[in-house]
Ligand SMILES: Cc1cc2nc3c(=O)[nH]c(=O)nc-3n(C[C@H](O)[C@H](O)[C@H](O)COP(=O)(O)OP(=O)(O)OC[C@H]3O[C@@H](n4cnc5c(N)ncnc54)[C@H](O)[C@@H]3O)c2cc1C
């Protein structure tokens, strides 16, 4: 995944700590620069960060010092801010990540517009022969109940057939990429053009900088069970770092956003009727079948 030279660079970066007056999160310091593997060739690593839990409290209070000095007060305020969608104090924290990911995952990821991105240039550099090939347990058929999901895991000959297609297509496309770039006795094609036949499972890399509020929004959508597995594992790896970086804010996020649900007016009315002892049906609820199914998933 990382070459010995790249690992040595990371070790060197970690070997020269300097004192600072800036806010430091001990939990995040442990992650700085280190690569956390994701999928077969990917990773995320924290390149830089700004702020900690106290910085959120400090911004909310527009104070001179660091937070309120009482963890309990900080926690209560952070939970209050999260509960009431008072989001700007969370924007005071930022993180910069280096991410290596398949291009088809990058296409989903880049839809999150409230971040700053700089991607590896395949006009300037030659891409590596690295393709995402799903692990056997992720090689699944189309779901029969969810148009946007996968169902039964493939096994035996069918798994082998699909894997063979994935691998041979990737290798053939890369062989042609190399052949087109080749200037061995011929003119060769420019890198910016030769790349266009490469498949969407080839890996790309970028630096991605985002503030904590928008990162929580990203995690809410992409660490969710409904997100595609291949982006979800990246979101989960990032979430593990965020938990160590801002433990109080992350706990509030887990509780209110990941663990909570939004109730519509109709859903509240149904719950009230149920609490009063009435057996409410979908037809009598005023909700559509889809809404009702989702409501029942949470409330039974
Ligand atoms: C399960 C799932 C399935 C999806 N399926 C599809 C699909 O089939 N096709 C598809 O195209 N996309 C799909 N998406 C992508 C989705 O529609 C969003 O584009 C993506 O999740 C980014 O969300 P966002 O716009 O809220 O994030 P960001 O771009 O980070 O924006 C954050 C918030 O900032 C505000 N904002 C940002 N930019 C603007 C703007 N220009 N104008 C107004 N407000 C703005 C909005 O309030 C927004 O919610 C899917 C996403 C998920 C999670």
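Note: Cβ is positioned from N, Cα and C throughout, glycine not excepted.
TrEMBL annotations: computationally assigned, not manually curated.
According to TrEMBL, the feature FAD binding site maps to 88, 111, 112, 113, 119, 211, 212, 213, 217. For 108, 109, 110, 111, 119, 120, 121, 122, 123, 195, 222, the entry in TrEMBL reads dUMP binding site. Look at TrEMBL and you will find 222 tagged as active site, involved in ionization of N3 of dUMP, leading to its activation.
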Binding-site residues whose CB lies under 6 angstroms from ligand 1, from 108, 112, 121, 123, 212: 112
Separation of alpha carbons, residue 119 (FAD binding site) and residue 110 (dUMP binding site) (Å): 11
Cβ-based isolation winner (fewest other Cβ atoms within 10 Å) among the binding-site residues 110, 212: 110
In three-state DSSP terms, the structure that residue 119 (FAD binding site) belongs to: strand
Residue 212 (FAD binding site) to residue 222 (dUMP binding site) - Cα separation in whole Å: 15
Residue 217 (FAD binding site) - helix vs strand vs coil (DSSP): helix
Extent of the dUMP binding site in Å [max Cα distance among 108, 109, 110, 111, 119, 120, 121, 122, 123, 195, 222]: 29
Candidate binding-site residues 121, 123, 222, pick with smallest Cα gap to residue 112 (FAD binding site): 222
